[in-house]
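Here's the structure, in structure tokens; my notes come after.
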Amino acid sequence: MTLVSTKESTKTTHPKSLFSIVASVGGLALFLIIASTLLVSQPIGSTIRGFFYGVDILTKIDSESSLGNSVSESNHTVHPFEGTQKINLTVPENRGNEGFSQHGDKESGGADGNGPVIEKNDPPLPGNEDELSDSRSVESKNLKSNPPLAKVTQREDGNRSSSFSQTASQDNAPVSSTNLPTELKNVESTSATTNSSQANHVDSGCDLYDGKWIYDTTGPLYTNNSCPVLTQTQNCQGNGRPDKDYENWRWKPSHCDLPRFAKKFLELMRGKTLAFIGDSVARNQMESMLCILWQVEVPKNRGNRRMQRYYFKSTSTMIVRIWSSWLVHQTPEPFDFAPAGVVKLHLDAPDERFMDYILDFDVVVLSSGHWFTKQSVYILNNEIVGGQLWWPDNSRRKKIDSIEAFGVSVETALTAMGTHPNYTGLTIVRSFSPDHYEGGAWNTGGSCTGKVQPASEGELVENGFTNIMHEKQVTGFNRAIKRKTNNSKMKLMDITRAFSYRHDGHPGPYRSPDPNKKTTRGPDGRPPPQDCLHWCMPGPVDTWNELREMTATAPIVIVSLHFPSNVTTDSQ
């Protein structure tokens, strides 16, 4: 037997160990190179990463979700300020916006009793909140000093397109709105692209809100007969509207394509929850989303009085809507010199009705603004600073009006979400939805009757109230971005300017299936009662959900619009 010393053994086995290590490292490097190549070449990875950009912690809500258990009617107790500090805000300087404030005589409708349906301040049963800016009586200003920002051309085949261009800052840091000129474009109508190869394309440098409306013969994504959750007041075809072209206009960004809503949406939302929070326009958008998805799968209704919840079993996807008319905390009790019965809005405290549940949401779409024309008292820093349709003593000076209050409410709600230590979702702020009551307010002769296609250059009516509400909303968004401390993401879905051209997309007088309803002007020239705020379904509102899908993949961009010269912009 030959004995080998320890030293000799070490010399003999060492080269073999070194060779094994080198081989292992080489194999690992080769594996990483191949894996990286596969990931780069396959679209699914980039698609999912882009779609859920900004969602870091995803909570799966299944059929027995904690969300459903946490909102039972019997044991839920609201503690609006427990565990949450008020947002530290200062009273903004009143910059002379009273000329755009909306005042009215009644809370219950027009003088003839035929005004729109009025909602109570308590959360209504799903589908019953149909507010139409019911306190608004100041007419929208037709600001002729600024030309309309659209060009429409007519081709021999009869197709039309209306467009506008707007300048956008594409820095990741938020910027304030500034008075920037808008380029006028002369465009022709083309068929909307349906090329499936472009469905996954997301151009992060594309401004989704600079574009035109084009006529698309493909038609809508659903019909009024194929969606059972469509609110009757928005069922324009079911209510007898004679024209249908308003269903066929699609938004086309100037420098990229907006794909038709992808059928794979539910797969991309697997195990996730999308929540629409806000007023009845939020309901309008949520129902549009449901109508689109209904064509793919019929969901299970798991809602209750506090929230609507629709569960898509195939992908464990939940679509939620929570009613929050002002997005801030509200109380009916007496406060200082404000009596009981008048709603008190605590502008520095978010609405607990949605804040209690935001950790269950992966994507949140916020909608608000139109309820600031209703009667309410504004409280900031524990002090009454203003009111809408309520101010008992004219000798007292208001520190804030309804428009400023709206801007503060946006900042408060977003700051609460952006500083919540455990919220990591994506918050999308859908900008102020324009109404089209031309010639007056809803209760003073305003009308959108007879509008059958998007506004052309000579038809567009500049709405000073819409412009300044949009400005205050963007200002609140910018300020909240600067105060954000958590890992959540915030995006602005800026539909306001694009939809200012869609005066054809509202129900108008076709608000009910009543065969005896009035749809034409009376002998005195007054228009019939109508809705020029909400959107027909199917109709332009479906574009919001296509934009929402694209917005989730784009970087933070705030569009700087060309405001009329007599509208001021707050400095940051």
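The backbone N, Cα and C atoms fix where each Cβ goes, glycine too.
The annotation transmembrane segment is assigned in TrEMBL to 18-40.
Under the heading compositional bias 'Low complexity', TrEMBL lists 66-75.
Sequence annotations record features per position, and here TrEMBL assigns region 'Disordered' to 66-181 (among others).
According to TrEMBL, the feature compositional bias 'Basic and acidic residues' maps to 133-142 (among others).
Residues or ranges marked as compositional bias 'Polar residues' in TrEMBL: 160-181.
The domain 'Trichome birefringence-like N-terminal' annotation in TrEMBL covers 205-257. Broken down by DSSP into helix, strand and coil, the domain 'Trichome birefringence-like N-terminal' (205-257) contains 6 helix, 10 strand, 37 coil.
Annotated domain 'Trichome birefringence-like C-terminal' per TrEMBL: 258-547, in sequence order.
Per TrEMBL, region 'Disordered' is recorded for 501-532 (among others).
Annotation source TrEMBL lists compositional bias 'Basic and acidic residues' at 514-524 (among others). Residue counts for the compositional bias 'Basic and acidic residues' (514-524) under DSSP, split into helix (H, G, I), strand (E, B) and coil, are 0 helix, 0 strand, 11 coil.
Below 8 angstroms of C-beta separation, residues 240, 449, 508 of the same chain, each at least six residues beyond the ends of the compositional bias 'Basic and acidic residues' (514-524), sit close to that stretch.
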